[in-house]
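Asker: This is the structure, below, for whatever I ask next.
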Amino acid sequence: MTTALRYPVGMRVRRRRGTAQARFSSLPAALPGIAVLLIFGAVPLAILSVTALGLGATGSGEQPGFTFGHLLQVFTEARLRRELINSIVVGIGSVLIMLIAGIPLTLAMSRHEQDRGPGILGGSALVSVVFTLPIALPGIVVGFFTILMLGRTGLFAQAIPAFGGMAYAIPGLFAAYVYFSFPRVIGPLRAVMSSFDHSLVDTARTLGSSRLRAFFTVSLPIVLPAVVEVLGTAAAVTIGGYGTIATLSQGERLLALSVADELSNRYQVASASGLAVVLAMLAAGTLAVSRGLARILERSRA
């Protein structure tokens, strides 16, 4: 029976009115959040964009006037282009490394908690504190930890000289940002895996699938949309992270470091604004792409 036959016209109209009223009734509660987003998000980004186009404040040696030069410098200057590539590679790569380690870990924690209740591996307060500790540490502290381990006189360098100075190279940046992104990946994944139905995996194993095949054919397709969204969110935060790279600035650089340098050391206001806009667009694009892919995966699974 169609919807038109099940519900009379008058009832359908009342239902539509009720839905519209419910939407409008929730609007006042959302107004404070909308105001915060406008004041601390949209307005500063608009000012940055205007300044990056040469129509706002200018700094030392900068000429006022409309130009795309401040926005395009990241693509035309070799140094900035390398920093942009480094930011993308380190930001997304470090989160991918965490996902490869984090998905099996959080699945195991979820199964342990569902089978035996919260315990050492499951939901104990100690495990939660250990997993969330990096999010409470400033990026500068994370960078300092990396120097202590992989610096020129770090712990690993004393045992294996080849590790000396690795903190300032791409491998060191990966190590630092993997630790930095750890809670930003593990926390959301634990929430996703908490409702995972492990009986589906047990059924696949009963039918003859190996543990590895069951993971790739049963577990991963179910959680993949959420995993993709976690990847985008964590990568967007990592791409714009400043504190860690500020500590490790003696070697390879990321774009966030040049934003601060242009403003603080050179007082190039328009140039810094252009780099900041590119960095913001990169982070926003990462979020948009990940959420778009997550929706596509959700629809294909339905």
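Quick reminder: no glycine exception, Cβ is built from N, Cα and C everywhere.
Straight out of TrEMBL:
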type     : residues : note
DOMAIN   : 84-288   : domain 'ABC transmembrane type-1'
TRANSMEM : 24-47    : transmembrane segment
TRANSMEM : 84-108   : transmembrane segment
TRANSMEM : 120-149  : transmembrane segment
TRANSMEM : 155-180  : transmembrane segment
TRANSMEM : 214-247  : transmembrane segment
TRANSMEM : 267-289  : transmembrane segment
Asker: Report, as numbers and ranges, which residues of the same chain sit near the transmembrane segment (155-180): CB under 8 Å and 6 or more residues beyond its ends.
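Answerer: Residues packing against the transmembrane segment (155-180) from afar: 86, 89-91, 93-94, 97-98, 134, 139, 142-143, 145-149, 238, 241, 244-245, 248, 250-252, 254.
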Asker: Please tell me whether the transmembrane segment (84-108) and the transmembrane segment (24-47) touch - that is, whether there are at least 3 C-beta pairs under 8 Å between them, with each pair 6 or more apart in sequence.
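Answerer: Counting Cβ pairs under 8 Å (6 or more apart in sequence), the transmembrane segment (84-108) does not reach the transmembrane segment (24-47), since there are fewer than 3.
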